[in-house]
Amino acid sequence: MAAKAVLLLLALLPFSSLALSQDFCVADLPRGDTPAGYPCKPQTDVTADDFYYRGLGTTGPTINPFNIGLSSAFVTRFPGVNGLGISAARVDFAPGGVVPLHSHPGGTELLFVIEGTVSAGFITSLTNKVLTKTLYKGDLMVFPQGLLHFQYNLGNDTAVALSSYSSANPGLMILDFALFANDLPSDVVNKVTVLDELEVRKLKALFGGSG
């Protein structure tokens, strides 16, 4: 079922692939990333396995304390998408599970719900307006590139969603980790966020930060 949902989601995407001067450019991951993407693996070394990925077929590793499982098919895991302007991910929401405020600096996200009921929304940059929808099985929602957005499970059963992105490597910045998993001194976090310093220290302990 998940495989069929992935195919449907990818078929719906309006994303334009980057112009390539060759058929493809499978990422040569050991050579490292560059501003233009990963260098190409020699075509003589390319196999069908470079264009095949099973990582979205099952629930991914749990991310605490958010009670979700996340698995991704970004270029670092799926080298065949390099240069093609597309990638994917799967989220399994346990009851009460939430994808916290986060952004993808490098790509737009298209979310497709395949099981359960999910609340999802994003915040506009110009007016800080919050745009939210309740999504049911079969629903789609798009999150523009770079904007903070979120999703959470509204039901009592596990919800599952698949996302596709307009980039092989859209990036991920989770607001909680950015604020509280770093080594910025707590008093500085207090100054720049106006959060109570004791609360900052508590959250740093929760997310593994220091300072």
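Each Cβ is built from the backbone N, Cα and C atoms, and glycine gets one as well.
What TrEMBL says about this one:
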SIGNAL    1-21  signal peptide
DISULFID  CYS25-CYS40  disulfide bond
DOMAIN    54-201  domain 'Cupin type-1'
BINDING   HIS102, HIS104, GLU109, HIS149  Mn(2+) binding site
BINDING   HIS104, GLU109  oxalate binding site
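Taking the mean position of the Cβ atoms of HIS102, HIS104, GLU109, HIS149 as the Mn(2+) site, the remaining residues of that chain whose Cβ falls within 8 Å of it are SER103, PHE122, PHE143, LEU147, LEU148, PRO170, LEU172. Burial estimate for the disulfide-bonded residues (CYS25, CYS40): highest at CYS25, by number of other CB atoms within 10 Å. In this view, HIS104 (Mn(2+) binding site) is surrounded by 24 other Cβ atoms within 10 Å of its Cβ, with every protein chain counted. Distance from the CA of GLU109 (Mn(2+) binding site) to the CA of CYS25 (disulfide bond) is 23 Å. HIS102 (Mn(2+) binding site): 19 other CB atoms within 10 A of its CB, across all protein chains. Calculated from their C-alpha atoms, the gap between GLU109 (Mn(2+) binding site) and CYS40 (disulfide bond) amounts to 25 Å.
The CA atom of HIS149 (Mn(2+) binding site) is located 33 Å away from the CA atom of CYS40 (disulfide bond). Averaged over the domain 'Cupin type-1' (54-201), the predicted model reaches a pLDDT of 95. A gap of 24 Å separates the Cα atoms of CYS40 (disulfide bond) and HIS104 (Mn(2+) binding site).
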